[in-house]
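Note sheet for the following structure.
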Amino acid sequence: MSASLYSDQWHRVAHLAPRLRKHTSIHRHDYRGAPWYVLFDSLTGQAHRFTPEAYQVIGRLDGSSTLQNIWDEVSHEIGDDVPTQDELIGLIAKLHHANILAGYHDIDIDELSHRNRQGRLKKIKQIMRSPLGVKIPLVDPDAFINVTYPYVRLLLSVWGALIWLTVVGFAVVLAAIHWEALTDNLADRVLGLNNLLLMALVYPAVKVIHELGHAWTTKDTGGEVHEIGIMFLVFFPVPYVDASAVAVCPDKHQRMLVGAAGILVELFIAALAMLVWVLAEPGLLRSIMFNIMIISGISTLLFNGNPLLRFDAYYVLSDWLEIPNFGQRANQQLGYLIKRFLLKKRDVTSLADSKKESCWLVIYAITSFIYRMFLMVFIAIFVATSYFFIGVVLAIWSLYMALILPSFKILKEMVVGTQLEGLKRRAWILLVSVLLILLVGFFLVPIPHSSVIHGVVDSREPTSIRAGASGELRQWWVEDGDYVEEGQLMADLYAPELASEVSRLESQRREAEFRMQAMVRDPQLIAIEQENLSLVESRLVDAKLRAAGTSIVSPRSGQVRLSQERIDLGQHIAQGQTIGAVVQDSDLRIRSLLPSYLQPQVVSDLQAVRLRLPGSDREFKSELLAISPGATREIPSITLTRQGGGQVALDPEQTQEAMAYRQHYTLDIDATPLIRSEIPLALEGRVFIKLVYTPSPLGFRLWDNIRRNFLSLFDR
């Protein structure tokens, strides 16, 4: 015990009598029932967490007691739990490095300069590690917060919570009612150039209010905010505030409220925008409100409201679980499990106080890593679609920082490190074994391979049933799937204005004939009336044809296939509107759009085709009838687009005719298996198509898909 309790360096520090600087304060927190102490530096905004044993030392740093006296007093009070002299030296060194000790030596200008240089170097390294989030502090907002706080204090009370719940709840109901209008043609509305410019102007304003929410709630807990600035998130300026003062608050619910304030503010703003959007007429104001809703929803979902990233929701989750430094401890706990159970290292200590806490840490470490990888790849590809060089550099940099650099550190530790002393052979065996298993699994074991695309029921020979006139549907005489003969009556329309028009024109014709009989002796007037009579008769013929169009008849013999959207009795039908088709079984096929990158595999390696209807698990074997020789952006049916519930994105720059954003090949699939199943098929009805290929190893397939997908992003 004496060997670990005493230190041969103790004589160098035993006589020192340090004290805490005046800008520091100590606060007690309870985490999972255990007391901890937080030392807060109000000058730098940094908080340091210490155990009760460390607090016994820190609380005695008053500038009059030497370290020897402090260690003797602590040893007498806590007995066997007393920190060793080496631990006490380490504690003092940590406080000294944080620049929160004073009174034990003269100011060392060279050391302060060295610390400043180290601080600047640390910031540069942080920017290099995370080029997507560079912070630039601007002003001290404390005076502004003090002036405006009384005006928002009501919103931070129970009354504020009731107002928030009422407004947000009402907005959710309105959003459900107007959901179709909100989501209709969403991609085109959001990705349009004019809308992107408007969104760029609205986004910073929303984020300023978001950050002020953090500042006001920090003020409400008794803290202060002394820094507000701009953070460049993916090269776009976003405001931020430093609310680190809330770290001293002992109530975890208040800390959670400060962390969640930005999310709550954005949801409230989105709710107000929803109310204005419903009341406003189409125009600039309505567009601004729509963009506010989009901005608040997406940023909350992907960033601030997602605890897998170290933004607002992360700190809320950390305080709720009472696990400070949640992300860092999660990675360290995962490293502990690898060393302890895979490498069989005995002298390592778990950072978790219980098995439950260990599970939380490990799950978070794995899921947050996977999500960060997904988000980095998504952002890199998104940027590359518009700025190829920047996107490629960003992708390489993200890959280097997330995978290559950590792997290099692991290899370095295995070669020259000391943490695995005596276990390096086991570590190398484990590493090589894992790599071999991955290589065999990825590149030698064949795995079933297929793609799923959407298709629609289509007819080779369009024999559409069209309304010959405009009117209200009065009666259906056939049902979907009925067999009809050519000329058979299918539906009646109610159009009283057409009957009135025929009656009026017949009266005009009789009047014209009467005038002609009265002018038998005047050839010039007879010619004029003859021309007038011809015009009236021409209009009468047209009116009678349109009136006859109120009786919709079958254009040929065959089976009735009504449109997917059923037309109810009393519903208005426009002249020329398609309400269905008369088809024969031999006419039906399944038509689909195949992404360009899948075309080579379909042509060379297609083994089977299976069809499935929505809402059914039953699959039908089919076959490919034809594939178009060239790629196209034309769309055979809106059902295949994202706006129609399909997979194909529309080109937002095409305003006249709907066109696909990328090139596709047209597929024709045999519909005979579906017809034989006697399942009712509706024209334009959706069909899920599974294209089955030869089983192949996942590694080759993954690499091929990454290459094709990445290149297809730039194949417009």
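Placed from the backbone N, Cα and C atoms, the Cβ positions cover glycine too.
The transmembrane segment annotation in TrEMBL covers 154-179, 191-210, 230-249, 256-278, 284-303, 359-381, 387-406, 427-447.
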Out of 154-179, 191-210, 256-278, 359-381, 427-447, which stretch touches the transmembrane segment (284-303) the most, going by CB pairs under 8 Å?
256-278
Spatial neighbours of the transmembrane segment (154-179) far in sequence, C-beta under 8 Å, 6+ residues away:
216-217, 220, 264, 267-268, 270-272, 274-275, 278
Intrachain neighbours beyond the transmembrane segment (256-278), with Cβ under 8 angstroms and 6 or more residues off its ends:
164, 167-168, 170-172, 174-175, 178, 206, 209-214, 216-218, 221, 243, 246, 249, 285-286, 288-290, 292-293, 296-297, 299-300, 304-305, 312-313, 315-316, 319-320
